[in-house]
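Undergrad: For reference, Swiss-Prot lists these features for the protein:
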type   : residues : note
REGION : 28-48    : region 'Disordered'
REPEAT : 88-122   : repeat 'PPR 1'
REPEAT : 123-158  : repeat 'PPR 2'
REPEAT : 159-194  : repeat 'PPR 3'
REPEAT : 195-229  : repeat 'PPR 4'
REPEAT : 267-301  : repeat 'PPR 6'
REPEAT : 302-336  : repeat 'PPR 7'
REPEAT : 442-476  : repeat 'PPR 11'
REPEAT : 477-506  : repeat 'PPR 12'
Amino acid sequence: MRFTTSIINEHRRFSSSSRSWVSPICFSEKKKKPSPPPESSISPVETNPKTKFISHESAVSLMKRERDPQGVLDIFNKASQQKGFNHNNATYSVLLDNLVRHKKFLAVDAILHQMKYETCRFQESLFLNLMRHFSRSDLHDKVMEMFNLIQVIARVKPSLNAISTCLNLLIDSGEVNLSRKLLLYAKHNLGLQPNTCIFNILVKHHCKNGDINFAFLVVEEMKRSGISYPNSITYSTLMDCLFAHSRSKEAVELFEDMISKEGISPDPVTFNVMINGFCRAGEVERAKKILDFMKKNGCNPNVYNYSALMNGFCKVGKIQEAKQTFDEVKKTGLKLDTVGYTTLMNCFCRNGETDEAMKLLGEMKASRCRADTLTYNVILRGLSSEGRSEEALQMLDQWGSEGVHLNKGSYRIILNALCCNGELEKAVKFLSVMSERGIWPHHATWNELVVRLCESGYTEIGVRVLIGFLRIGLIPGPKSWGAVVESICKERKLVHVFELLDSLVS
């Protein structure tokens, strides 16, 4: 199969994988007349060495290493030209995965069309992968189309796993009508009865929308079905929803019913729902009791359970208890993750102990736990809130030179602090650095900077900043305009007023 030209006919039929294919990702260009080959003294035998046969494994390996979609197609085509070679599920899967990741959707459609006439056995997982990618691109009709193609191309009835995957993607995207169509189709056309996983997705949907009563009705229907039964995931979802609606008493009762009446043992995920729920409600001591209950009943807490409790202590300002929990994690031999470290760092910074947070960052690096952008932003915010903007600027430069990935939020934290602390000269210089790196401040921040510059007697600089943002299409707020015009009029520099009017007109 070879993609040879640049225009694809969607209605064209291909009879076998030996026919030439049309590449939908090649755009038509005027073909240049090929240059004559350079003169060479090398013999024909030397210039045309025997090509090594590309096996399915080699084709898969080569395509996985190639990032460019056209390059992947070229490898796919080259393999198909070999005598006796027919592509299989593995090679098609890698090709389609690359194309859908690069949003070459026309190419994906063309290949799926060809697959209808292939004789090899395709696996359901190929279509599930396409569903996930189409869902990320908000192409929800295509998600349904991939589900329907399982029967057409793989020539098997979609499994309950396929229905669960498709339903979950549609529900998470808020596509209720498509979800309903899917369930009706599965019931009437495929004769499939919903399993626990499918029921759990429906429970999650109602909980997400705040319809807790409907969620309980789904659970009752699950019990009546005699086929599917609620599990720890079902109850965890319901309890999380109850906690979110400040119904902690009912959440605890449900937790007790799950154990005593249903005989379902809670797992670390269920316990985490309880810990997080109590922490959100400010009942951190009850959250700690849940952790103690876990240990007494042979369910060892994991990193996420400890992190949730630390976060709860931090929220109510109990930094010492958070530190004790942190030390307990280390004693158990568990390796704290980025979330755990960042949680405690944030606690230190909010308590005005940024130096302790920086020590913790050093410990984190020593333990080979990789800090993320949020971790660094916590430190920057801590330094800035303590009026240590110079150190924050130094850290920003140092981390940048070390290859640390910082986002626009990192820069905005420092600019906000400089404005709030009245360090206007530094703020203007830092604004220049940001613009050079293609990062723009938050709308409220640069408007505040303009106002502060004008109020502090730096009208000319304020005007330049305002005009600069106008030129890149950002619209100043009323306060900025008012501050600039008022300052100009006070200083009787009407030329600037006319410049502003010119900026508005243009």
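Using the three backbone atoms N, Cα and C, a Cβ is placed for every residue, glycine included.
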Undergrad: With Cβ-Cβ distances below 8 Å as the criterion, list the same-chain residues six or more beyond the ends of the repeat 'PPR 4' (195-229) that contact it, or say none.
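TA: Residues packing against the repeat 'PPR 4' (195-229) from afar: 160-161, 163-164, 167-168, 171, 176, 179, 183, 237-238, 240-242, 245.
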Undergrad: Go ahead and report the DSSP secondary structure tallies for the repeat 'PPR 11' (442-476): helix first, then strand, then coil.
TA: 26 helix, 0 strand, 9 coil
Undergrad: With DSSP helix as H/G/I and strand as E/B, how many residues of the repeat 'PPR 2' (123-158) fall in helix, strand and coil?
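TA: Secondary-structure composition of the repeat 'PPR 2' (123-158): 28 helix, 0 strand, 8 coil.
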